[in-house]
Amino acid sequence: MALMGVQLVVSLLAVSIMQRMAPHLSFARWLLCNGSLLKFRHPSEGELCALAGKQIPKTSRRDRRQNGHGESKPLTVPKDIDLHLESTPVNVMDALVLRFFVEYQWLIDFAVYATGIYLFTEGYYSVVDASKEVNIASIWCVLTVLFCLRTLYLLMSHYFLSEEGGERSVCLAFGFLSLLIAMLVLVVREDYLEFGLEPGFTSLFDNFEVFARKQGYEWSVPFTKLSVKLGLAVICAFIGALLAFPGLRLAQTHLDAVQMNADRPMIQILLHMSFLSPLVIIVMWIKPIARDFLGNAPMGKTSVTLLSSSAFSSVRLWTIVVLCVLRLLLTRYHLQAYLNLAQKWVEQMKKEAGRIAAIDIQRKVTRIFCYLTVVTLQYLIPILLVLFSTLALKSLGDFSWGLGAETPGVTPAPIIPSSTPPPVPGPEDDEDMEDMEEDIQATVAHLTELFSALRALLTPIFFRGIFAFLTWWVAACQLISSLFGIYFHQYLMHN
């Protein structure tokens, strides 16, 4: 039986630390409350009246009786008043009232601990021969991907529950567009898009056919392949709908961040590289452009091998990780660009004629800050999806970080509960304990057979195809939605 050993101990220790330290030490809370982000405080009615050159109206009892319900008329001020919002650093007390703050803190902290577990596991496998142990890091990576999708679903459900139907229509439109694109991508041959889905499905179906025949079942492989691809296309449509608003928001914060750093050309270059990083990820899975070109680069009348096949796979993994780290390092610029929307809205209001209620100004400025964690999740989750899909691809797909010859990786071993000696029974319950031992042995034998069958079905070839396609698809969805967002904010918003 395979034991988790050191990995299980470290994993349980990480879970315990995460649970106990969350109220005291949280990376997610530090990201928003380290003093680098500045929020804008909404003006009070007294400040607005002073800028408008009048006093705060006092309502008499007679006016309240005439209004019927004791409500005073809303205070209005001219839109072109000389209003300048006061900025203050975001602190912990401010962050506690933000929308989806609990979900944000839990997800980001879990991703940080998952990264630590992954780094420990990689170091552990480089020192110890742990081929018979379960790769706990891959489980953490898969869980992080699932939790990211769950959080995006919570955000999207918020749009569907709102009274306005515009956000719901956008999600549905991107979902149907993603469904069409996914069906087109899934019929492209492996000679052009080298996900490895076909070899992965072939391995899965062949192994499952052997398993089904042993159980006495007959099934049709062509029908199963078609149904699996249709199901995968539906999942792609769902992911595309989830990534619609994160891409649109990324486009807006990118444009504002570039404008905000107009006097810092190096930051602008990094922002543009970060924005175009999904395009680089997409190109790296196009075989004629990436692998074939680097494997047989034309040099006059001859061709030169710049990278071997295994070295290219490692370079691709490293490139994706570096691009994700770059985008994570630029998080603060995007978040500050979003917070600056409050001052940007005030400047736009000054150009308009007429009057506006003071409560509307206060509500608009406050609403921008209240959705800071939503915008942070929309920026970070696509990055985490790509990053942890790539890490899972490396671990479960038996890839290597080195540029030399590809070494066989670690295939997840079946998780089998270890049997511990039962306590010594008394004379009165010998028969009950014997029956219990027989039940436990039967359960262990059944689980052993089940996990052995799953290990034979889910091979590294299958995991390579699934996680390579997931990584590529998330990057493609974000590129499509963000480019549409650039077009929307640059042209449609000004017309």
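In case you wondered, yes, glycine gets a Cβ from its N, Cα and C as well.
Placement of Gln362 and Met493 with respect to the membrane, taken from Swiss-Prot, is on a common side.
It is 100-120 that, among the stretches 100-120, 168-188, 266-286, 306-326, 368-388, forms the most Cβ pairs under 8 Å with the transmembrane segment (136-156). Take the transmembrane segment (228-248) and the stretches 100-120, 266-286, 306-326, 368-388, 466-486: counting Cβ pairs under 8 Å, 466-486 has the most.
Residues 31-32, 37, 39-40, 90, 94-95, 97-101, 103-104, 107-108, 111, 114, 141-142, 144-145, 148-149, 151-152, 155, 243, 245-247, 249-250, 253, 278, 281, 320-321, 324, 327-328, 331, 334-335, 338-339, 341-342, 345, 470-471, 474-475, 478 of the same chain lie 6+ residues outside the transmembrane segment (368-388) yet bring a C-beta within less than 8 angstroms of a C-beta in it.
Confidence across the topological domain 'Cytoplasmic' (287-305), taken as the mean pLDDT and rounded to a whole number, stands at 79. In summary, the transmembrane segment (466-486) lies against the transmembrane segment (168-188): three or more C-beta pairs, each 6 or more positions apart in sequence, are under 8 Å. Cβ atoms under 8 Å from those of the transmembrane segment (266-286) belong to residues 192-195, 250, 254, 257-258, 316, 319-320, 323-324, 326-327, 330, 333, 386, 468, 471-472, 475-476, 478-479, 482 of the same chain, restricted to positions at least 6 beyond its ends. Note on the topological domain 'Extracellular' (157-167): DSSP counts are 7 helix, 0 strand, 4 coil. A simple way to gauge crowding: the CB of Asn34 (N-linked glycosylation site) has 11 other CB atoms within 10 angstroms, across all the protein chains here.
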